[in-house]
Amino acid sequence: MEVSSRSSEPLDPVWLLVAFGRGGVKLEVLLLFLLPFTLGELRGGLGKHGHTVHREPAVNRLCADSKRWSGLPVSAQRPFPMGHCPAPSQLPSAKPINLTDESMFPIGTYLLYECLPGYIKRQFSITCKQDSTWTSAEDKCIRKQCKTPSDPENGLVHVHTGIQFGSRINYTCNQGYRLIGSSSAVCVITDQSVDWDTEAPICEWIPCEIPPGIPNGDFFSSTREDFHYGMVVTYRCNTDARGKALFNLVGEPSLYCTSNDGEIGVWSGPPPQCIELNKCTPPPYVENAVMLSENRSLFSLRDIVEFRCHPGFIMKGASSVHCQSLNKWEPELPSCFKGVICRLPQEMSGFQKGLGMKKEYYYGENVTLECEDGYTLEGSSQSQCQSDGSWNPLLAKCVSRSISGLIVGIFIGIIVFILVIIVFIWMILKYKKRNTTDEKYKEVGIHLNYKEDSCVRLQSLLTSQENSSTTSPARNSLTQEVS
């Protein structure tokens, strides 16, 4: 009996027992043959050079009538030979000490690694295990730490994930200060150690420009040169030698330095004005309105200013105000708000309702119209509300397609009817014209052939000629003879 296998894997004793049993081999020979396998199992499966031999898990296989074993061995499904590990993947924090181009390693092989710069210097190894995988290299290399950063003056440092190699920190300044320098730093390799790639920034006051001066007045503060975030200045109007007021201070008397972007300082508002007594500055701006009165820098007592709202807006309050003492306008200024000008029809059959249409629209607003399925839009799909309450262009209509088809059918029917009448009239006129021509020919024949002694004969001949469909030569000769 011959036992063969295309695989290089060792034969299992169970397979051999079945094979030799079927071949009629004596029991003594069979036991002698199986003895090496049994001893090998007792020795723990040690192979040559002290490497551990890897055995595949048992698989059910049968010897079929074709004298072949059913089922493929597990090693046939491996991308590498049994008892080996594939080359390990590249480690992110370490490199191999001895470089090799081997693509696989026997079980029990160990490889030496050393940690990369930026990590605490050390060596370690990974080993090919019995299951053809490598021991873990995780946490073998520990990242070095940069020195603990300190808060900048008038600022803060923000540590998010730590201060180890590769970490990033951020700096911010307190309110009223701006950052000079880099707002972040990264722990990087420097020579044989690690350190932050940039120095800590500086936080300085946000500066403001000198406050603007005003006619007939001045500002007062703790300094006249350096102004920074949070400082306050106060304005006053000039007085006479006795301290009597000559002007009225109009506006906010105090301004403070602030910032909109955290970089550049600005004053909180415009400076006040010092105006003559019993005068008024122009009234404040009224949104969506125009001032009809003459625009002047100053108004006298009891001067009147009138307002008018823009088209499409409705005024609330008095349309005119009067200048009063201490730069006050009375009554209260009016306001202009959008008025409901245009409305959609209550009956909107055939229109789509999901387009955000409203029942009422303000001046200048647009409405978009679309028809539902089965309807046709007649007119523009968009209309705008006008100041007089009308729509421009006029609102479109949604007409049912069945009605449109009926209208088209009626129109075509009318055209066909007119054409039929025209053809009928044409045929009648043509027929009358032909009859008129025949009568003329008959009259000419009578005049040519008229004779007193042959009236009866000629009349009979003409009647006979009309009733006949063809004219014979004999009849022509007879007519000539009579004439």
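The backbone N, Cα and C atoms fix where each Cβ goes, and this holds for glycine too.
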If you pull up Swiss-Prot, which of CYS128, CYS141, CYS146 shows a disulphide to CYS85?
-> CYS128
To which residue among SER70, SER268, SER349, SER477 does Swiss-Prot attach the annotation phosphoserine?
-> SER477
Which residue from ASN295, ASN366 is recorded in Swiss-Prot as N-linked glycosylation site?
-> ASN366
Hey, which of SER125, SER167, SER454 does Swiss-Prot call phosphoserine?
-> SER454
From the set ASN98, ASN170, Swiss-Prot tags as N-linked glycosylation site just ASN98
For the disulfide-bonded residues CYS237, CYS280, the largest set of other C-beta atoms within 10 Å encircles the C-beta of CYS280
Are there residues of the same chain, six or more positions away from CYS128 (disulfide bond), whose CB falls under 8 angstroms from its CB, and which are they?
-> HIS84, CYS85, PHE105, PRO106, ILE107, GLY108, THR109, TYR110, TRP134
Say you check the Cα of CYS146 (disulfide bond) against those of the disulfide-bonded residues CYS208, CYS280, CYS323, CYS385; which is nearest?
-> CYS208
Rounded to the nearest Å - Cα separation of CYS187 (disulfide bond) and CYS208 (disulfide bond) = 36
Using a 10 Å radius on the Cβ of CYS115 (disulfide bond), the other Cβ atoms enclosed count 20
